[in-house]
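Peer 1: According to TrEMBL:
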type	residues	note
BINDING	S17, D20, R47	substrate binding site
DOMAIN	9-160	domain 'PurE'
Amino acid sequence: MSAASSATPVVGVIMGSSSDWDVMQHAVAMLKEFGIPHEAKVISAHRMPDQMFAYAESARSRGLRAIIAGAGGAAHLPGMVAAKTIVPVLGVPVPSKYLRGEDSLLSIVQMPKGIPVSTFAIGEAGAANAALTAIAILAATDDQLAERLQAFRARQTQAALDMTLPA
Ligand code: RP5
């Protein structure tokens, strides 16, 4: 069955706080645009570690095929979730109040060898691209979804070709 037509979520979008939503909504919007069954929830690494582990441990058996995890500051969430599941984890550094998300980026990207977190750009571009990568993972076994992803790329190409500059 096509992942896009599954009734149960195949992509999980989690974030450390509701304050991350402004950024992480861009991942959810992209998943919605492609009609990918997904779930979105707050899972805080340091405020609800037991729930974080339970989420990661059950992810694969619940049918999740990718987890997009966004967090800011000392952003442990993506790495700790990745430590507890072999479902691919896509980390989104959320801009932080004092260090503009550079702390988030370095926290997420510098995983020691053996437990990978695919790390994206700081902010909404990272969130949207994490969703596009999750879609590409699903498209590897879903020809219909692959065609729609190709069409999405083609629309961007055409938009760039149509760009004009002031005379
Ligand atoms: C992290 O701390 C969250 O991911 C968020 O980016 C940051 C601030 O959280 P709040 O204080 O806004 O809840 O855990």
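Backbone N, Cα and C define each Cβ position, glycine as well.
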Peer 1: What's the longest C-alpha separation between any two of S17, D20, R47, the listed substrate-binding residues, in angstrom?
Peer 2: 15
Peer 1: Starting from the Cβ centroid of S17, D20, R47, which together make up the recorded substrate site, report each further residue of the same chain whose Cβ lies within 8 Å of that point, ordered by sequence.
Peer 2: M15, G16, S18, S19, V42, S44, A71, G72
Peer 1: Which of the three DSSP-derived classes (helix, strand, coil) applies to D20 (substrate binding site)?
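Peer 2: Helix, per DSSP.
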Peer 1: Far apart in sequence but close in space: which same-chain residues, 6 or more away, have a Cβ under 8 Å from S17 (substrate binding site)?
Peer 2: V42, S44, A71, G72
Peer 1: Measuring CB to CB from R47 (substrate binding site), give everything in the same chain under 8 Å that is also at least six residues away in sequence.
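Peer 2: Looking at Cβ-Cβ distances below 8 Å from R47 (substrate binding site), excluding near sequence neighbours, one finds none.
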